[in-house]
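Student: Before anything else, here's the structure in question.
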Amino acid sequence: MNKRLLLAGCVIIAATISITHIPFTVEPISAPKVEYAGDTLLKRGLTLYARDSLQEAALILRRVLTFYPDFSLLHFYLAEVSRRQGDVQTAEKEYTHAIEIDHELYPAYYELALLRHAAGEHARAIQLLETAIILNPYDREAYQTLATIYIDIGDFAAADKVYQRQRAVEEHTVE
Amino acid sequence: MVGYKLGTIFGTHGFPVYDSTPLFWTESALQYRTARRVAQTGTVEAVMKDAQYPEGLDVKNRLTVIMETVCGYLYRLTPKTVPFKTFLIIIIALYSSLGVIPLYLTIAFLNDRSSALCAAALYAVTPAVYTTVTAPGFELQDFALPLVFFHIYFFIRAYSAEKYRYPYSFVSGAFLFAALASWHLTQFYYLLLVGFVIICFLFTSYDTKPFSIIVATNILAGLAIPALKTLGFVFSLAMLLSYCIILASAMPENRLVHRKTVLVCLMVVAGSLSYHISTHVISEYRFIYGFMWDKLRHFGARPAQPTDLPWQTLVMWVSPFTSPSRTAIISSLGTVLISGTIGAVLTAHRLLKRSGTLIDGLLVYFTVIFATLYVLMVRMDVFLVWFCCVLSARLWRDSRKILQYVLLLCIIGNCIFLFLRPRRTVGPDRNHLLGMLIHVRTNIPAGAALLTSFAYGPSILAYADHPIVLHPKFEGEHNTTKIEECEHRLFKDENAFYAFCRAYSAAYFVYQVDMLLARGPESMRYRTHAMTLSKGSVVYAFHFRPQVLKHFELIYTNPHYRIYRVLGYGAEPHARKLAYFRVYDEQMFDVADFGISVTE
């Protein structure tokens with residue numbers, strides 16, 4: 001027992017001293033570059049998207065999801081691809097997911113509003129556009145779309161107010 | 001315990017299965033990066049140039065890298081069936097749970113196996129035990145604590161046994177040796193142990209021989225471990241006091257020389273010497289002692305006016321060195337507070353009746369000390385829980401049946417606490433951090449050094465492989481001076497900050513919105529005493545007016561971060577059209593609400 005305890009103590013001390021000395025090198029080491037496959041795929045996916053190769057882009061971007069499951073911009077781009085492919089359901093799901101992750105992502109609010117408007121859900125579309133305008137008061141397209149929706153539903157006074165708000169912001173910016 | 005840890009981390013929605021970015025945060029990220037280096041190359045650079053650019057971080061002589069080395073080597077030895085970060089999480093979940101073994105052994109030795117099982121069960125269901133690992137973290141304390149607890153177990157054996165007391169104290173010293181080499185804060189624990197020995201020496205007939213063996217192993221650690229050697233551990237207050245105890249005990253007792261008086265005199269000398277060393281020779285001790293003194297002076301509560309405290313104290317006065325809130329105490333300790341208090345009272349009662357042992361005194365001493373320290377520093381919870389659990393075992397052995405029921409109820413109560421508590425993730429919002437890191441990886445040339453706040457540096461280093469100017473290891477030589485200078489210059493004019501960037505060859509600067517907008521007690525503005533600012537400060541321009549900057553060019557922006565390129569002398573910044581975010585829109589703010597004077 002006596003010897004075993006002494007041996008155990010010696011082993012712990014020797015191991016600690018070894019570990020604190022062994023790994024060090026004075027030479028600069030060149031560690032293998034860490035490959036971020038997610039980045040490469042994301043870049044490729046976005047390039048394909050820019051080239052309108054939507055099906056391939058969707059496939060690649062879906063693979064990126066396994067690397068960055070909670071990256072709001074990725075969900076936004078996936079939604080964009082789906083929207084352009086005509087897959088409204090997936091687009092809506094992805095826009096919503098992007099907004100859940102990043103509450104300030106105003107392009108997602110805007111695009112989602114367009115989809116809701118197309119589906120005849122004007123009240124929801126108006127709500128989303130109002131949020132988009134709060135988040136980016138200089139988003140000309142958001143004002144235009146909002147005014148158009150009001151015109152579509154026959155609320156011309158509200159449309160006029162939207163135009164006035166837009167003008168006020170633009171004049172303020174010019175100043 | 002392991003299952004809960006792994007389940008909590010892997011079961012989280014959004015856990016990046018195939019990518020580690022940015023799983024670990026601040027110090028954990030730096031340690032993860034070192035461990036990854038060991039796993040990849042089998043070596044660590046003695047001076048890590050990219051971790052504290054451009055002079056480099058003297059890892060060998062300043063840091064303790066046992067945890068990283070062990071994990072890295074283990075990964076090299078095992079078949080590569082899982083990614084490194086997953087391996088790391090599994091290993092640290094397994095290893096950090098070992099603290100329950102010395103707990104069981106201690107109680108089984110002092111009491112019996114059934115009470116040891118109950119206490120171990122209580123320990124296993126106490127939420128505080130899981131805080132760092134499930135963050136997820138890769139913290140030095142999770143590696144060192146099982147070693148400290150094994151040291152305590154053998155220390156108890158050494159002072160309880162008639163036979164083998166010296167071999168036991170040697171093993172105890174060996175575990176403390178390993179713990180000291182693994183975590184700088186172990187020195188702090190040792191200082192408390194020395195405090196206990198001094199009390200025993202002064203008030204009981206204490207045998208210092210087993211303690212002397214521990215001191216001997218500590219001296220060996222101070223001489224053989226480079227980081228401890230650099231810190232002058234053998235001349236630290238704890239070690240100086242240890243020498244005093246040994247010297248006093250070696251004095252021949254007679255009418256002229258009274259050992260206890262000698263010890264008190266020697267302690268005064270040691271205290272003065274330690275004060276001299278910490279103020280004139282090794283500044284690192286001044287840093288931590290100054291912080292502790294300021295905390296005590298203010299009873300653990302931050303003053304309303306930050307100007308009452310120096311930057312050095314305020315930069316340390318952040319989580320986990322803050323005091324816990326009442327909610328945090330309940331949610332992290334839970335019912336262990338009840339059982340631990342009852343156990344401490346029962347043991348103290350025995351001591352007062354003079355039927356208690358030295359070990360009873362040790363357990364009560366540590367419980368009281370760590371309870372007090374926990375009120376000052378939340379990090380002390382891991383020690384407090386361990387000692388409370390050891391004392392809780394007394395409830396099981398008590399003749400009163402009701403106390404056994406209380407212990408059982410405490411176990412059930414903590415079990416409920418553990419499974420109902422909300423999951424806590426340490427670090428900033430991952431979405432925007434990831435966006436910034438992806439931009440750095442894909443758009444910034446390799447080798448370009450980035451200046452960030454010290455907490456964010458390791459994320460850039462670990463997940464974008466770019467050199468960083470600042471990091472959170474205050475042990476790094478000149479690092480704290482650099483951090484202090486950087487943080488102060490951020491609230492001065494552009495030229496002052498630009499000079500800092502140029503002096504340290506920073507090619508890019510990562511701005512965070514909280515540099516300007518946050519004014520809370522953990523903010524940069526609070527600790528630099530910049531609670532009121534003028535619009536002429538560079539931080540204001542970084543946030544609201546990038547177009548007025550002459551030496552910095554905005555290249556990336558998201559709602560939390562902006563990346564600026566540091567321009568060469570005479571280079572003109574290019575105005576880029578970047579995405580709009582209202583957080584950077586001056587017109588959206590009443591800047592006076594943020595302590596910014598409206599005059600330029």
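In case you wondered, yes, glycine gets a Cβ from its N, Cα and C as well.
Automatic prediction, not curation, is the source of TrEMBL annotations.
These figures come from a predicted structure and were not determined experimentally.
Per TrEMBL, domain 'Oligosaccharyl transferase STT3 N-terminal' is recorded for B:73-245. Look at TrEMBL and you will find B:87-110, B:117-137, B:143-159, B:166-182, B:188-204, B:211-227, B:233-250, B:262-282, B:328-351, B:363-396, B:402-420 tagged as transmembrane segment.
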Student: Give me the stretch from B:143-159, B:188-204, B:328-351, B:363-396 with the greatest number of Cβ pairs under 8 Å to the transmembrane segment (B:233-250).
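Tutor: Against the transmembrane segment (B:233-250), the leading stretch is B:188-204.
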Student: With pairs restricted to those 6 or more apart in sequence, evaluate whether the transmembrane segment (B:166-182) and the transmembrane segment (B:402-420) have 3+ C-beta pairs under 8 Å.
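Tutor: The transmembrane segment (B:402-420) and the transmembrane segment (B:166-182): touching, no.
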Student: Quick check: do the transmembrane segment (B:188-204) and the transmembrane segment (B:363-396) share at least 3 Cβ pairs under 8 Å, counting only pairs 6+ apart in sequence?
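Tutor: Counting Cβ pairs under 8 Å, at least 3, so yes.
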Student: Ranking B:87-110, B:143-159, B:363-396, B:402-420 by the number of C-beta pairs under 8 Å to the transmembrane segment (B:117-137), which range is first?
Tutor: B:363-396
Student: Which sequence-distant residues neighbour the transmembrane segment (B:363-396)? Criterion: at least 6 residues beyond either end, Cβ under 8 Å.
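Tutor: Same-chain contacts beyond the ends: 99, 103, 106-107, 110-111, 114-116, 118-120, 122-123, 126, 128-129, 131, 141, 145, 149, 185, 189, 192, 195-196, 199, 295-296, 300, 319-324, 328, 332-333, 336-337, 339-344, 346-348, 351, 403-404, 406-407, 410.
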Student: If you average the pLDDT over the domain 'Oligosaccharyl transferase STT3 N-terminal' (B:73-245), what number do you get?
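Tutor: 92, rounded to a whole number.
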Student: Same chain only, please: residues at least 6 beyond the ends of the transmembrane segment (B:402-420) with a C-beta under 8 Å from a C-beta of the stretch. Say none if there are none.
Tutor: 4, 118, 121-122, 125-127, 130, 331, 334-336, 338-339, 342, 392, 395-396
